[in-house]
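Colleague: Shown below is the structure under consideration.
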Amino acid sequence: MYRGRLKNDLEDWTKRGLLDASTAKRLLDDVDLRGDRFSIGTVLSMFAAVLIAASILMLVAANWEAIPRLVKVAGIIGLIWIFHTIAIVARMRSADRIVAASLVLGAAAFGGAIALIGQLYHLSGDTFSAMLLWFVVTAVSAGLFRSGALAVVAGALSLVAFGGGFDSFGWDVGGHGLWAWWPAFGALAIFALAHWTGGYRAKHFGYLLLLSWIWWIAIIDRQITWSLSIALAAGLVFFLLAVPRSPLAAIHQRLGTSATFYALLLAFTAFSFVQAQLLDAMSIAVLGVIIVALAIAAIALEGRDNGAVRFLSYAAFAAEVLYLSYETIDSILGTSAFFLLSGLVMALLAFVVVRLEKRFSNRSAEVTP
């Protein structure tokens, strides 16, 4: 996606005389050399790895009644070693696709080994312990091999382990004990893996784990002041990251656009949760104004360079205006008037969005040779 947009921009700049063709080609070649590009071969190899991994897990689930217990254990452990040995050999020969596929298969085999040994020897345990062990070992393997693909798998396993905690300990925070705090460290580990391995897509799993944990530990089933505090803190983090020349501007540049997006997402969802708990119309309206103002400020600060923040702000603005219309107007004017007003609001929103898009486009076009 990034390469396609860059290629179109380079072709446009070349036609307008802002860039010569040889420089444009060198820039595109430099992007290709980084290796973070779309490849049918890579996609097919990962699909093959996923399908083979699924078959391994299916065989484990079947429990192979006709095969002796010791042979089963030796077989699954042997698969782990085989896949990692293939990854080492492929790494020595710079066969990155085979490395990624082999490591994913090795991680799947390890997960199958956990399930098989627990099943064969009737070991006491729970879903959370098994998934956390799988996540930790996969993360360590990703770090040792500097595998971006395995970092993504580790990120996905962290979310599964987080969900497994509810199955094992319930929804009450106190029932988890000290394990209630592991997602914060797990998210930091995923961020570190994403940076170390170059698998920057893995960081999205870290953000999702962190946001899910914050919602569970500080918003759901807590007093409304907790939710409001989280919303204000997330909004403050967004502004500190997005405002030019702020103390965190350099950090924003290193973290990329996803940091402001997830901070804004947490702020919007927490404010919306608080608003849903309120009963008096005045408080609902005041909080609605705050949400709308936050959306407009986000578009002004990040709308030009961050498409995810821009569309999130559009969605939050539209949803909030419609919600306020329903809460304050519907009971007075009736259903038909509500739909009429909603249509007018959406038309106005569309007009504003078009104007903003043109403004961003004009800014981008103001380039002097």
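Residue numbering: from 1, along the chain as shown.
Here the Cβ of each residue, glycine as well, is placed from N, Cα and C on the backbone.
Annotations for this protein, taken from TrEMBL, read as follows:
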- 11-150: domain 'DUF2157' (DOMAIN)
- 43-64: transmembrane segment (TRANSMEM)
- 70-91: transmembrane segment (TRANSMEM)
- 98-121: transmembrane segment (TRANSMEM)
- 127-145: transmembrane segment (TRANSMEM)
- 150-166: transmembrane segment (TRANSMEM)
- 178-197: transmembrane segment (TRANSMEM)
- 204-220: transmembrane segment (TRANSMEM)
- 226-243: transmembrane segment (TRANSMEM)
- 255-275: transmembrane segment (TRANSMEM)
- 281-301: transmembrane segment (TRANSMEM)
- 308-326: transmembrane segment (TRANSMEM)
- 332-354: transmembrane segment (TRANSMEM)
Colleague: For the transmembrane segment (70-91), could you work out the same-chain residues 6 or more beyond its ends whose Cβ comes under 8 Å from its Cβ atoms?
Modeller: 56, 60, 64, 98-99, 102-103, 105-106, 109-110, 112-113, 116-117, 120, 141, 145
Colleague: Near the transmembrane segment (150-166), which same-chain residues lie under 8 Å Cβ to Cβ, leaving out any that are not at least 6 residues past its ends?
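Modeller: That would be 100, 103-104, 107, 126-128, 130-132, 134-135, 138-139, 141-142, 176, 179, 183, 186-187, 190, 193-194, 197, 199, 201-206, 208-209, 212-213.
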